[in-house]
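Student: Annotations for this protein, taken from Swiss-Prot, read as follows:
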type	residues	note
TRANSMEM	60-80	transmembrane segment
TRANSMEM	113-133	transmembrane segment
TRANSMEM	138-158	transmembrane segment
TRANSMEM	169-189	transmembrane segment
TRANSMEM	192-212	transmembrane segment
CARBOHYD	Asn214	N-linked glycosylation site
TRANSMEM	243-263	transmembrane segment
TRANSMEM	267-287	transmembrane segment
TRANSMEM	295-315	transmembrane segment
Amino acid sequence: MAVLKQPQHHHGKHGGRSFYQLIAYLMLTSRLDNYGMLFTSFGGAGIYKSQDYTSTTSQASILRLAGLCTAHCVLLGAAGNTWNDWMDRDIDSKVARTKDRPLASGKISSGEAFTWMAFLYSTSVGMLKAMLGDRNVWPFMVPLTAIILVYPLGKRPIARKLRIYPQYLLGIAVGYPTMYGWAAVYGPCMPISEILHRCVPLWIFLFFWSFYANTSYSYQDVEDDRKMKVNSAYNLAGKRIRALLAILASIALSTIPFVLRPFSSAWLWLSWVGAWVPGIIQQLLSFDPSKPESGGVLHLSTVKLGLWTVFACTLELYLSNRAVI
């Protein structure tokens, strides 16, 4: 749900448009004005300082790296949103909630969108280079970039026939930045295979969390999407959408002990379990399948849980020499 208001004066498709209006439209296209972008900030929580692996990285450095990781995730996510809107512009123009998006309504051109996307992408790469130092960023960037490019195709009917839903791709992308944290803290001394092994629990948690949240968010468009045969996970669930959400949430919650096991921290257990379990229960009870708009409320609630978790992990960094950000 956008925070910025659409500029109210339109002069054709592009004529008479001010520079401010262009920037506002580009911001809307990339969702830099959207609370959903805060989702990517949880990727910064992938920066672990493990108790069983030697690291000389200071707490201040970890905070700096977390900030760079968050900036990278937000900028790359914004570039991905721009790409998604360009790919979906014809679909979006026929959906009530998205028909006024700048690309769908013709308020900005494809050239303007691609220029903006290139700027966002290149800036995100720069942030990652600053974060990883001497390490080559492209072994990390290429797979994630490929996922972002393919993501819009997951909504097409052919993907539905293959049982591939866009939430699969989104979940992988949201969890991917956990690898950056390990690579930044431990540097070139840790091979990518070892980084991946250590990130698996948090990655699985983020995969099912984002699957759960995006399914509820997309459910807002269920009526229009079904008419156009847009592929999404709620098509798999049908009338059992609440049951699907409950299953996804349960899997996400069940991974929390594996995420926290390396850390002997009562605070992390209390702050995670004490917030997530009642939070998820409240979300599922308040979700009403007969009111698609309730999916947006659920999604916002999950973002708040994510932000709370980032705060809790940041506080743990100050409470212990074994830290998670």
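In case you wondered, yes, glycine gets a Cβ from its N, Cα and C as well.
Quick one: where do these features end up spatially?
Tutor: The Cβ of Asn214 (N-linked glycosylation site) lies under 8 Å from the Cβ of Pro166, Gln167, Leu170, Gly171, Ala233, His299, each of these being in the same chain and 6 or more residues away along the sequence. In the three-state DSSP assignment, the secondary structure recorded for Asn214 (N-linked glycosylation site) is helix.
Using a Cβ-Cβ cut-off under 8 Å and counting only residues 6 or more beyond its ends in the same chain, the transmembrane segment (267-287) has close neighbours at 216, 242, 245-246, 249, 252-253, 256, 259-260, 294-295, 297-298, 301-302, 305, 308-309, 312-313, 315-316, 319, 324.
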